[in-house]
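Engineer: When I checked TrEMBL for this same protein, it listed these features:
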- 3-39: coiled coil (COILED)
- 40-73: repeat 'TPR' (REPEAT)
- 562-595: repeat 'TPR' (REPEAT)
- 596-629: repeat 'TPR' (REPEAT)
Amino acid sequence: MSNKEVKAALKSARDAIRNKEYKEALKHCKAVLKQEKNNYNAWVFIGLAAAELEQPDQAKGAYKKAIELEPNQLLAWQGLANLYEKPNQIDVKGDLADVYQKLLELYESGDKQKWCDVCNKLVELYHQEKKYLEVAETWQKLIKMKQEEGAEKAELHQLWKKMIHLLKDSTRNQDNKTGQLLLAAFEHALLSADTVPGDDHQNLYKDFIQCLSKFPHEAARLEKACHDMVALYPTVSYPLEVLCLHFVQSGTLSEEALDCFSRLLEMDADSGTGIICFGIKCLKENKYKEAVKNLTEGLQKTNQCPAAWHYLAEAQMKIHDHRNAVLSCNKALEVLGTPEGPNLRWKNLALQLKAETLIKIADADAAEEAIKALELIVDGSNDPVVSALRGQAYLNKGLVDQASKISQELLLSHPDLAEAHALEGFIHYSQKNYELAEKSFLNAIERKAGTAEYHQYLGLTYWFMSDETKKDKGKALSQFLKAAKLDSYLGSAFCYLGNYYRDIAGDKSRARGCYKKAFELDEMDEESGTAAVNLSVELGDMDTALSILNEVTEKARPGTAKWAWLHRGLYYLRTGQPSQAVSDLQAALRADPKDSNCWESLGEAYLNRGSYSTALKSFRKASELNPGLVYSIYRAAALEQILGKYENAIATYQQILKKTENYVPALKGSMSEFENVCFSSLYTLMFQS
């Protein structure tokens, strides 16, 4: 076949393809290849025809042969790109990207429009594969090409915005190079905006700041962007909110941070972030209740700030609201998820604070949970304070040997650590080795004198050591006073001050004030509440006693606060208000249905009210629970007599008379008088019957 015949065959092949006669085209191409096996156009035409005949392998082989023959010719590369772009082609995206790269190289010095088209296709391909760095670098080439061609500012602005859109999900990968390209795209888009200030520009700035906040190492850049946006948009609160949250998360409470907090609240008094920041400011100023109030309110509006949850837990810990502090720590950990970088610090802080709080709850279950929290602290085994906490948790769990081992190791490795000496003191105190406990707590106080708990435990040590140390003003009393001064929310210190003034000093008024303070700090402290009420009664101050009881019963849930219901019920009983007494004593029994004395008091209240049948049931219940309550048995007999149940009454009186020899004189005078009453009642009944 001559050259002329080869050209004719190729022309026929081209015409056949144009007419969609692909098999005919293949015949012409094969004829050419018999004569010229390296004919570029023939291989390209075979690729085209085979592709249309859905013979992809043959098509790919033909295109690759053509490329091998002429690597810088467009036709085969274009054909291969078209082949790979077909929907039935799978697992070819990597090959297609290589083809696009070659086409960009071939178009670069020629057809700019086709270069841009291929560039768009390549970027879209990379984006589908989530290859964000390749997306960024390729799109930058497109922008550079447009800049060299003298594109308008508006067109470039749209290209930078498109780059931002393409990379918006890349922040999840935290790839630094891609991140820098994304941030640069934001900066270029902001600079190329037409209307400044304007709505589009403002929204773009917000997106830029939001993006910056996802890069912990870009703190300086974030602060600058926030300040710049505030300067441009002084009435918009968003940049101040982000800046304030940034300061909160970084743990920075500088003058600049405090100024931002104030400016944000002035601009928007309802800002959740602003309220959180004010709460943190209160915490640092030792205004703990105010801190809890504001942090709680702020977190209801902005609840995804782990540092804020930590600060709330810290404030709750300061006022000894331990159970809620644990919940706040859990919330901080939930929001943090699986943190890295700076957030890992917050996770460790939240875990440690959670453990400290659980140890204060001081039961075995809480101790076990504390141990689990401490185990999750990264590198916690190398932190002596964490080790001391672990020792306290073991002690609360009753594992004294493990706690002692940690204590001994810490005292050897960290002899100047206050927590190590305190742990030793806690162990000695739990074993009632008060002389050794005294020495340990004094050592702890010498190293950290501002810890109220150490003074409180030293005071308790003196209280239980001996009558001499209990009564010595320079011992127990002095330490309780120091503990209360250092921690004005430490209810137990005020409770023991009350014990001292009541039992040692004999100062009922001062004791009552201390108990009242202790109870105000901890409404679950029944000992202090009861003591405050009893002393108020002894001092003739029934108004204060009732005020305390009313406050408790108003807040009490069903089945709780038995002591308050009982005290108020007895008060109503003594003052001739039987209906109110019945109501309160019933509430007390809901909290403790097996209290025989309470049943007896309820019977008395029903009796005074004239409800004889119900009174009888109550006295019977009291005697069932405690057969030794002779008064309840007698009252039951008397009520049976009143109700005309004479046989039952006789039997009950006889039962009492048989037992009276074994009982201490009862409530109704001496036992002989009591017996006389029973004999008299029995005689009357027998006469009636």
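For all residues, glycine too, the Cβ spot is worked out from N, Cα and C.
Keep in mind that this is a model prediction, so the values were computed, not measured.
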Engineer: For the coiled coil (3-39), find every same-chain residue at least 6 residues outside the stretch whose CB is under 8 Å from a CB in it, and list them.
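Structural biologist: Hits for the coiled coil (3-39): 45-46, 48-50, 52-53, 69.
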Engineer: Grab the same-chain neighbours of the repeat 'TPR' (40-73) for me: Cβ-Cβ under 8 Å, and only residues 6 or more beyond its ends, written as numbers and ranges.
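Structural biologist: Residues 10, 13-14, 16-17, 20, 22-23, 25-26, 28-30, 32-33, 79-80, 82-83, 86, 88-89, 106.
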Engineer: Summarise the model confidence on the repeat 'TPR' (40-73) as a single mean pLDDT, whole number.
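Structural biologist: Value for the repeat 'TPR' (40-73), mean pLDDT as a whole number: 94.
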